[in-house]
């Protein structure tokens, strides 16, 4: 009752929620004119060759998530929130990407990763292969492998890196280096006998063998790199963290063994080890946590070579996990953290030589509404009761998921629970153990050389082709010439670039 009275008071006083400057029409006119001047300046297209490429991927970061994260960011700064700007909002070019898989209207993270990394659409559940591969069918894989923009950059003499808050063998980053008929074949311990007999390789093994000279790899999923039942270095007494490999290989050692003589390769499994490194003296860096990789807080790498940095795929994978569990608070805080990393990268690079792209693989059935007043807490209640069951409801809701609850034959009364708790599962319309992805288009934000190529509505697989064109890598190089290329390039420390996801 107290909560409802408070909401009624807020609604009655909503006019006081309008900032004074916004009552003056000249404020809005001035803002529009400034935006118009910025837009007119974009007529001078940046057609430089991109020395550096950065792809930020918010896993599951649909447009509703972007908007809600923007409001959350502002409210964390003690503002109303709606008027705030995410770092990605400041990028001058925005497009929409169609996310469907070749066999799915609503996609998964594997087929979409193949699209935005490898430039071809694929079936759900498969990574780094064409749509000629059927999920779980190892014998359909041979000859259907496709390479990613990470490989194109490496072949073009670039240094490359992968930084993710998920396991490095997760579907989202794995399409950068692996070819698999099943996204879940993390190690050979997760593969069926017919796949092993058919000669298919697990994803962790491919991480080490397919592109052995990836300069920076940071993420989670350490157990897939070690022999079955091997104790974990961080959790030696917990069975769930023990190694899973049936071939008994130590892939971390294998990663070390394939490095060229004279090159320094460092393996770390804890943030303090990472921060203790002198990154200017490290050529290859592998950071592998057992849990999902959100504990790195800062990522890094570097080298002593003369190549430029390119395509550090920075994946905010825990946005997706929060939504699947119906825990919007966790998902949105992850989105804000990803945006902090984007801001850091923006401050440390120049749009004259660095193309930065921010996008998502897919959306979720996440929404917020209910005619909330300006500045309403993003995790708060709508300002009215349902006119059907006469109960309050939160602004944030899901179309399906684990938040579906019936109490005494009726919808749960949310005023009786702590709906602002980090683990609160927002109410959903349909009961499912895990909430599903959404099928709508996702936003693509772009800044830097040739960013204007990302405009309008595109198939998702267009993204890496536009990025490769900008950097003069891959198949589209006819427009490039020696005069346009930088004479010398420097591999800057990745630590200066990413990652603030704590």
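The backbone N, Cα and C atoms fix where each Cβ goes, and this holds for glycine too.
In TrEMBL this protein carries:
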{"type": "ACT_SITE", "residues": "109", "note": "active site, phosphoserine intermediate"}
{"type": "BINDING", "residues": "59, 170, 172", "note": "Mg(2+) binding site"}
{"type": "BINDING", "residues": "59, 320, 324, 361, 362, 437", "note": "Zn(2+) binding site"}
{"type": "SIGNAL", "residues": "1-15", "note": "signal peptide"}
(message) I'd like the number of other C-beta atoms within 10 A of the C-beta of the residue listed as 'active site, phosphoserine intermediate', please.
(response) 28
(request) Using Cβ-Cβ distances, find the residues under 8 Å from residue 437 (Zn(2+) binding site) that belong to the same chain and are at least 6 apart in sequence, listing them in sequence order. (result) 60, 106, 107, 108, 362, 363, 364, 365
(message) Nearest by CA distance to residue 170 (Mg(2+) binding site): which of the recorded positions is it, out of 109, 320, 324?
(response) 109
(request) Measuring CA to CA, name the entry from the binding-site residues 320, 324, 361 that ends up nearest residue 172 (Mg(2+) binding site). (result) 361
(request) Whole-number Å only: compute the distance from the Cα of residue 320 (Zn(2+) binding site) to the Cα of residue 59 (Mg(2+) binding site). (result) 5
(request) Only counting partners 6 or more residues apart, tell me which same-chain residues put their Cβ under 8 Å from the Cβ of residue 361 (Zn(2+) binding site). (result) 57, 59, 60, 99, 107, 109, 112, 113, 116, 172, 442
(message) Please give me the CB contact count at 10 A for residue 59 (Mg(2+) binding site), counting all chains in the structure.
(response) 29
